[in-house]
Amino acid sequence: MEKGGNIQLEIPDFSNSVLSHLNQLRMQGRLCDIVVNVQGQAFRAHKVVLAASSPYFRDHMSLNEMSTVSISVIKNPTVFEQLLSFCYTGRICLQLADIISYLTAASFLQMQHIIDKCTQILEGIHFKINVAEVEAELSQTRTKHQERPPESHRVTPNLNRSLSPRHNTPKGNRRGQVSAVLDIRELSPPEESTSPQIIEPSSDVESREPILRINRAGQWYVETGVADRGGRSDDEVRVLGAVHIKTENLEEWLGPENQPSGEDGSSAEEVTAMVIDTTGHGSVGQENYTLGSSGAKVARPTSSEVDRFSPSGSVVPLTERHRARSESPGRMDEPKQPSSQVEESAMMGVSGYVEYLREQEVSERWFRYNPRLTCIYCAKSFNQKGSLDRHMRLHMGITPFVCRMCGKKYTRKDQLEYHIRKHTGNKPFHCHVCGKSFPFQAILNQHFRKNHPGCIPLEGPHSISPETTVTSRGQAEEESPSQEETVAPGEAVQGSVSTTGPD
């Protein structure tokens, strides 16, 4: 063997064994260099493991000098204990009832693997929790319906649930008191829909399927009966493996006298139909149509793609649409109707139907719901993860960026940088016309617009300062003062204090 040769030695799973030994040391309380306090409970750990597992700890600006960290955002110490164990072992055992707590804690610690898994779990169980109860009630209703004579049209008293506001249910605590009514049926969309669900003709069904009527407060009852073939409406057809949700007008619940009349005196009501898949996929297909005074249906599709639901259990697109309509009363809520027979026939086809839906989506104010970048508190969706992280810090009151000179705390890194420039006097942006200096590009642009109209700032680096400016032009104009500060010629630019933190 040559003396200059290299021998490569590779031990499988050595890194896993190192983490396992570190976990044993943590359990024994040996060689731990940091203590994390969560709701009065202390957890000893190693800084290197926390920094390698969580971007929050890795980007913490004063982690090197700290021996104790207190986290007030995480309310359940057991949740943090499981997450801490995951940092060492890569395994976690969580309770299904605490899935939201794990998602909140993982979002704060920026542990993306836990966030992804919790999101997948929520998407899978969103409908299974309530659909199991609905299916049990419907099965009982079908059994009792088969034992009764066909003349019975109404539900028995033991199946009726009180719809009075005094009847509070767990579902009512979760949903807002909205004066709209959901009618859940085993129905299919109208004939104009291109839904991929399997449709059976309603003419072969003699008895009407049981109807579970639910209002937005979560109060519900089951109604069953028999409908003759001639009296069945056009929209009463069955969809296999799906439950049809229809938002109805309050006329039949509150009475015609409580129904506000429209400006044109018409009695048309808008019906929003959503088909919920009960097979556990958690997908919802949505379509709109209008019922006129004569009962004729006019197709009004608004979305052909699958709408997703938020972890909190609220229908995000529906609430966002109502909010957008209330904020912009001048916007046309009615979608475009086909202007010719050619356009109408194209809309009925699959390709034309998709193009029609895309045109309608462009006109909508609300943006598509993204379950991975959605705030778990207010269901607001974002396009970038950094924007969601900054938004979550506002909800939680997190101020991870601390000034070392005066101790002031800030939510965003750019706010701390601007504050530090007040201490250091660093003004890296210079006006080539009058020689004045400014701490931010936005203030320099404002100076040019106000004092040197027609001139533009010179491109290129303005200072040798290592500090970088991360604020956008719009943010700096809102958050930085507009006063102009002068610097004497030849004044040295002071070095800036380094700040690090989560993006």
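Backbone N, Cα and C atoms are what each Cβ position is placed from, and that goes for glycine too.
The following features are taken from Swiss-Prot:
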COMPBIAS  144-154  compositional bias 'Basic and acidic residues'
COMPBIAS  155-167  compositional bias 'Polar residues'
COMPBIAS  319-336  compositional bias 'Basic and acidic residues'
COMPBIAS  465-474  compositional bias 'Polar residues'
DOMAIN    32-96  domain 'BTB'
REGION    140-206  region 'Disordered'
REGION    280-344  region 'Disordered'
REGION    457-503  region 'Disordered'
ZN_FING   373-395  zinc finger
ZN_FING   401-423  zinc finger
ZN_FING   429-452  zinc finger
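With DSSP states grouped into helix (H, G, I), strand (E, B) and coil, the zinc finger (401-423) comes out at 11 helix, 4 strand, 8 coil.
The zinc finger (429-452): residue composition by secondary structure is 11 helix, 4 strand, 9 coil, according to DSSP. Residue counts for the zinc finger (373-395) by DSSP state, with H, G and I taken as helix and E and B as strand, are 12 helix, 2 strand, 9 coil. Mean pLDDT of the predicted structure over the zinc finger (373-395): 81.
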